[in-house]
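The next block holds one structure in the form of structure tokens; read it before the comments.
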């Protein structure tokens, strides 16, 4: 492997100060919604009515909330149900089991969401930022850079929309109910900490306050922001932590995951074990298999030694190369040998089911393709 120049990551730089979207009911807890409704001169129970439509019936269009008086509906729409996500493109593949949505936000930013159906569950993959500032060189989103953080409601609205798709029966061969959420779309979730945690609380709160998902069915991915992982451990949330490791040694991880230049593999893993001990939740170790880069047998053995005896599971990810990238997925025999060595070390290991390749399913690819169509290849 030819060494890459190390890419510094400025973690202290805030996301670009773009105008945030208008306030939405998903930005507020039920008490906050009731207070806002009262300010509008409406009875407080209207907040519960609107929340029941949105979270309980998955209705995002106030025009369908016909039990509300027309005058009240107009006022509440302006203040509680502004349009946050405008569909740009919606694609389906895997015989109807995978649905991908590309959204334009109020400021023109593009974000993606994916719905994946399985025989026993339906999973939504949500974006937490427009773009990403972590600069991982094999990731389409990381190469695009960070535009801004998403609001709590922009995150939640993705889930509510996808839950509606599932409820419609459109996901072939799957139950008609969203059951899991993974924060593995565009962005580094823990770099948008407050809004992501608020979104999780909406997702797991029972209807009409929230979507009613199980905390244990929510997964938060991170490249390893150590202080934020420790903070998440103190939130009294039983969500799964997914650590995007991608290399077991600092020399390579400094290149693949530039944040490793601040928090090394040993510190990141130690913090992950602290999270597991505090929450009782097994940590998922995410590892993209990149041909001739991080797939050598000795790296499998090193990873096995680091994880042996820990409350962890390795999720190997066949790389979905971005257009024009010099990165490629590891050959299947190499992948199988990597799995064998990890399992021989006593480490629980699976290979992620690849989804959405024919529709630019990897994080950031659809937005990148749309951006090229809008502004032209090579535009800044």
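Even glycines carry a Cβ here, placed using N, Cα and C.
For the S-adenosyl-L-methionine site, Swiss-Prot gives 187, 188, 244, 245, 246, 320; the one candidate out of 214, 221, 284, 348 that the record lists there too is 221.
Shown in sequence order, 128, 129, 132, 133, 134, 222, 223, 225 are the residues of the chain, 6+ apart in sequence, with a C-beta less than 8 angstroms from the C-beta of residue 188 (S-adenosyl-L-methionine binding site). Non-local contacts of residue 244 (S-adenosyl-L-methionine binding site) by the CB criterion (under 8 A, 6+ apart in sequence, same chain) comprise 136, 221, 222, 223, 224, 257, 286. Checking Cα-Cα distances from residue 112 (active site, proton acceptor) against the recorded positions (125, 139, 245, 246, 320) with a 10 Å cut-off leaves 125, in sequence order. If you take the C-beta of residue 246 (S-adenosyl-L-methionine binding site) and look for same-chain residues 6 or more apart in sequence within under 8 angstroms, you find 136, 253, 256, 257, 286, 287, 288, 290, 294. Comparing the Cα of residue 125 (disulfide bond) with the Cα of every entry in 139, 187, 245, 320, these being the binding-site residues, the smallest distance points to 187. Distance from the CA of residue 139 ([4Fe-4S] cluster binding site) to the CA of residue 187 (S-adenosyl-L-methionine binding site) is 11 Å. Secondary structure at residue 246 (S-adenosyl-L-methionine binding site), taken from DSSP and collapsed to helix, strand or coil, is coil.
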